[in-house]
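Trainee: My structure is below; once you've seen it, I'll send some questions.
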């Protein structure tokens, strides 16, 4: 069964410096029908204005993944990390026993566009940690590139959950298939259009996938980018 989550049905929040679209309940947006999907708790699409960002704040017991689409994001945290996250980078922060961090757009004139992803961990009270890795467009072209996994295999970042995240870019007519067996999956379109087992999805759409043995995605345009979450 494939349940579509259209882009326009997402929650929306707007501040002077931040424009956000929520796939699941977050902040002031509450929808009991869309609290999470398996261990996937948050997919927020954020646009952060130049020279603005999230001031220092804390998290505990959450796996937080940031996927920058356009612009740059400056990260600082309480365990000594400081970095710039650019398109192609995947940032993973395990909050564990507690971590403070800030995320700031350092550009004076360019917004930053990103996906913020939260996954509920299968271990609580772990030592906070941070990881960041780059995946080129060629890594993702015409295939499912593993970018996050429980064991960090194939150069992916490591998360504390029985879940994997794949990134892909498909050209017109390019196809990728994935076997699910008895697992669930979520697909999130970043840009472009594709068909998922015959169903059409567009930019910003998501899809919850249950009780499907396999899925096939086919690009409908020059460069369709998406994330696939393999979930318990």
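Glycine residues also receive a Cβ, built from the backbone N, Cα and C atoms like all the rest.
According to Swiss-Prot, the record shows the following:
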{"type": "BINDING", "residues": "57, 59, 101, 103", "note": "divalent metal cation binding site"}
Trainee: Is it possible to get the count of other C-beta atoms within 10 angstroms of the C-beta of residue 103 (divalent metal cation binding site)?
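Mentor: Result for residue 103 (divalent metal cation binding site): 24 other Cβ atoms within 10 Å.
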Trainee: Going by a 10 angstroms cut-off between Cβ atoms, which of the binding-site residues 59, 101 has the sparsest surroundings?
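Mentor: Comparing Cβ neighbour counts within 10 Å for the binding-site residues 59, 101 gives 59.
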Trainee: If you draw a 10 Å sphere around the Cβ of residue 57 (divalent metal cation binding site), how many other Cβ atoms fall inside it, taking every protein chain shown into account?
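Mentor: So the Cβ neighbour count for residue 57 (divalent metal cation binding site) comes to 10.
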Trainee: Enumerate the residues of the same chain, 57, 59, 101, 103 excluded, that satisfy the criterion Cβ within 8 A of the mean position of the Cβ atoms of the recorded divalent metal cation site; list them in sequence order.
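Mentor: Checked against the 8 Å cutoff, the neighbours are 54, 56, 58, 64, 77, 93, 99, 100, 102.
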